[in-house]
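Q: Sharing a structure with you now.
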Amino acid sequence: MTSKNFSFKSLVRHNMTSRMWAIALSVLGCMAGLLLPIFAIQQDYQVQLKFTTEPDYARTAADVLKNTQNNIAQVISFDSPFIKLVLIVLATLCGVAMFRYLHDRRQVDFYHALPISRGKLFAVNYISGVLLVLPIYLIVLVIGLIFVSAMGLGGQITGALLAQSILGNIAYFLLNYTVAVLCTVLTGNTIITVLLGVWAQLGIPVLMVMVQCYQAMFYETFSSAVPLMQTLVLYGSPMCNYLATMQHSHTMSVPLFNSTAMDTAGGMAILIYPVVLTIVLGVLSYFLFVRRKSENTGMAVSFRRVKAPIKWFMCIFLGFAFSLIFTAIFTGSSGGMWFGLVFGVVLCHMVVEIIYDFDFKALLHHWKQMIVLAILAVVVVAGIKNDVFGYDNYIPDVDDIASASIESPYYTIDWDYHDQSDYKNQLTDAESIEKIHQLAELSVANNGDLEVEGSSHTYTIYYTLKNGNRVSRRYSEVPQKVIENQMVDLVTSEQYLKQYSTLQTLQITETNEEGVTRLEVRNSAAPEGTLPQATLISRNEIQEVIDQLRADQIANAEAHLKEFPVMQLTIENEWAERPEDNRGALYSADLMVYAADTDTLTLIKRLTGVEPVELTHENVNSVEITQYDEQEYYDYMNQYGEYGQDRFIEAHTITVTDPATIDALLESAITGTMSSRSGFLAQTASYENSLAISAMIENHQGNETWATKESLFYPEGKMPTELINQLFNAQ
């Protein structure tokens, strides 16, 4: 053979021609990841285009075209999961295939006998694997772009989008390819290479998830993973980072955690992680390849010095896994957890030693290391269990907090629930941050305090720190009496109201056309779902009512928490064009008016004639009361089955029609609709002994009259228990 046969180009060409299967697989994979989704979207576009000719179809041809162009851009962009999965698989297969000869002693002897340096041989194999995939990816991408342009569907594809997509996919392909090469060089057996590759890609993220499981088990205030754990999940695996990193949304939320993952910089900054790590791992692979001894071929791990670290990590990992499994099997048993932890470490150590030596007699090799690892695992879990790092007591320094928020389905300014867990729209003013910080201090000091009587409600405090970290703590056992004043002070502040109140944040369609926006008015005697007493359609009048109610809410915020509503306003916007995506949106919101809002009530009366009414025998036809002993009910159901339920309820129900008695029962009554919309300080009396009270309420609108059954509730201490008992005793 001449030296020409060993030129760089000749060796690369030989590698590629001897692996035509990889080229064929690359073609099929790239077509499946790029062309197939494009063709599917184009077919769907043709189908939807036909529907636009039908008069009842809501979308126009322009809407369908724009939506299709967005979908095509998504497939072409760096956000497409299809091509990412294809490139990950191809990178792994080619990385192993190009260096797999290192696992065959005869091939190692042959290649190492060639008159070329180890460094050149590494470069030839490395570049050959890259050329098996990336040129095909680029060719298929060009074909897809030509097809998209010919069909007129490429309107959303820009040069920046293409540049980010191509460079991003190439960078992450090289990273995952280099990981596969490193695993192949490190090992002397292909099966071990595959196992090590899976471990390298998933080991750290899964380990962090298991640590999170321990935190959820032991920490009373656990809400989400600490920033360090989120970082390790996101950056501890090239494959996971590739799938998680997005071009438009930067970095998506990691589904393994409740909190949002850390954001990365946009644009070309997404290339920093893969490029830097590829260089580091590539240099390491080259160094190990050059230093690799031929006689280590066939061994589980080709370098003795890395055997122990790999084994240590695997033992701790399996120890944690078995501990959680045994905890689940024994339904949270502490003994099962500790047994599983030690058992997992010992079992893994034995199996790894057998694999390393390919000999069952190596079962107890390095048994001292096994004992040390078992003790270390116990110490780590015990440290988490006893909160040695002070997780439950942690509160960021107030000067380090950039913004903060509180999420709770109970402690809210209005009945509507506001999700503040995404760290968006947080309070940023110093006064609110100080209030939340003081609330956190009270929460830490009193969480789980059983000596204080009263109920407790779960709430979560979210912090965004000035260094970019996000921290949250959930408190579920803080007595309401301890934090009530601080919570009221926070949620009734003007800053909080303008940030979270439904009333303060709703938007009214910018149009003077009457009827596009409607404001329905119902008094407290009108159950939800019934016709309104009046409806405003003038945008100016609606805006006047909203502005006045906003001012009243800020002035009477604390009263809104303590009182029950006396009127309900429902605002509805018809379908309206939104410039960002040309899609319509129907916005609806219920707004409650309270007795303290005198200016708003006066305005509504002037515009509509509607005013609050009390429940009396004049608007209530009858009151129905059901009361029974639960044990008696269960005994009856056991005897007669579900078919006897109606008979039992009927036998324990009375209907009151006497006007005087109705008035006595309705003296402090509140409808279920108004009770459910009240603030958290407006407490209703608890119903005992399976008591249910409802009223048949009569409503009028013009010439129409209708009656609706509505549940009744009473403020704390106002339930007419004595009268109810008298009525049942008189049966």
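Cβ atoms here come from the backbone N, Cα and C positions, even for glycine.
Reproduced below are the annotations present in TrEMBL:
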type: TRANSMEM; residues: 21-41; note: transmembrane segment
type: TRANSMEM; residues: 82-102; note: transmembrane segment
type: TRANSMEM; residues: 123-150; note: transmembrane segment
type: TRANSMEM; residues: 170-200; note: transmembrane segment
type: TRANSMEM; residues: 264-289; note: transmembrane segment
type: TRANSMEM; residues: 310-330; note: transmembrane segment
type: TRANSMEM; residues: 336-355; note: transmembrane segment
type: TRANSMEM; residues: 367-384; note: transmembrane segment
Q: Considering pairs 6 or more residues apart, do the transmembrane segment (310-330) and the transmembrane segment (367-384) have at least three CB pairs under 8 Å?
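A: Yes, since the transmembrane segment (310-330) and the transmembrane segment (367-384) share at least 3 Cβ pairs closer than 8 Å, they count as touching.
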Q: Near the transmembrane segment (264-289), which residues from the same chain, at least 6 beyond its ends, have a CB less than 8 A from one of its CBs?
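A: That would be 78, 99, 118-119, 122, 126, 160, 163-164, 167-168, 171-172, 174-175, 178-179, 181-182, 185-186, 235, 238, 241-242, 245, 247, 250-251, 302-303.
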Q: Restricting to CB pairs under 8 Å, which listed stretch, 21-41, 123-150, 170-200, 336-355, is in contact most with the transmembrane segment (367-384)?
A: 336-355
Q: Using a Cβ distance cut-off of under 8 Å, indicate which of 21-41, 82-102, 123-150, 336-355 has the most pairs with the transmembrane segment (170-200).
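A: Comparing 21-41, 82-102, 123-150, 336-355 against the transmembrane segment (170-200), the winner is 82-102.
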